[in-house]
């Protein structure tokens, strides 16, 4: 038995418009959960083929995109381009500066493209590192089952029940586990001591806490206190279907966070400089001067 972390709070993420025609449920980066280092934002997005996120800049953070349905194309001013599909991930380090576009594919059934995008802060000594991308295909993600195969876990990053993800795909240490639980199941998941952690529910109903004290449905963010060995989750014997949720944990960074849109730095002066650098195409944004993505033309038409 583990010493289970208690629940600090739980709240439902409300769907809102974002970008150019997209819909998101934001559960990190709002008044409900503003400062939760190293996490800056978590969006559960739904975007049709006529919408998207055309050319835009970043500096000072990493983004992790986990696709659940459909496809997403990406392209940046350094020549990186590609497509992720269901179960795939893309890890992007903005560092000193990147300009890119993220555009949805067109599904034959007309359904929207759905996924999660997590923004992770970079430690101050890496704020101005060179930008980079890493893709992780669904087939590369190790899995484990427990509780008589009633619990299935995709270990995107981190460790679960003796199985390690092997890869460290972000500069800031982060664990990401995709968990599916059948009715009548129990999960005891260890987490690194002192790390901030939360769970975001995608479907079904689950009870979080040593005694199942917090029962939630889909689209809830369950935030845990730091004290304890890990978390305990259970599902009812008579549940109508499976429960699915994402466990995310990260090492807190002891540094100030000053954010202005896509720029995340440690001082106001650095944010002003980021805006100036972007406007003048300098100090990391030189390649933005004459660059326009091909995939962004789907929306702009030019």
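Glycine too: its Cβ is placed from the backbone N, Cα and C atoms.
Predicted automatically and left uncurated, TrEMBL annotations should be read as such.
Features reported for this protein in TrEMBL:
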type: BINDING; residues: 56, 58, 100, 102; note: Fe cation binding site
type: DOMAIN; residues: 22-120; note: domain 'Pirin N-terminal'
type: DOMAIN; residues: 177-283; note: domain 'Pirin C-terminal'
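In this structure, of the binding-site residues 56, 58, 100, the smallest number of CB atoms within 10 A of the CB marks 56. Contacts of residue 102 (Fe cation binding site) defined by a Cβ separation under 8 A and a same-chain sequence distance of 6+ are given as 52, 53, 65, 72, 73, 74, in order along the sequence. Residue counts of the domain 'Pirin C-terminal' (177-283) by helix, strand and coil are 13 helix, 48 strand, 46 coil (DSSP-based). The DSSP breakdown of the domain 'Pirin N-terminal' (22-120), given as helix, strand and coil counts, is 0 helix, 65 strand, 34 coil. The Fe cation site, placed at the center of the C-beta atoms of 56, 58, 100, 102, has further neighbours from the same chain whose C-beta lies within 8 angstroms: 53, 55, 57, 63, 74, 76, 92, 98, 99, 101, 262.
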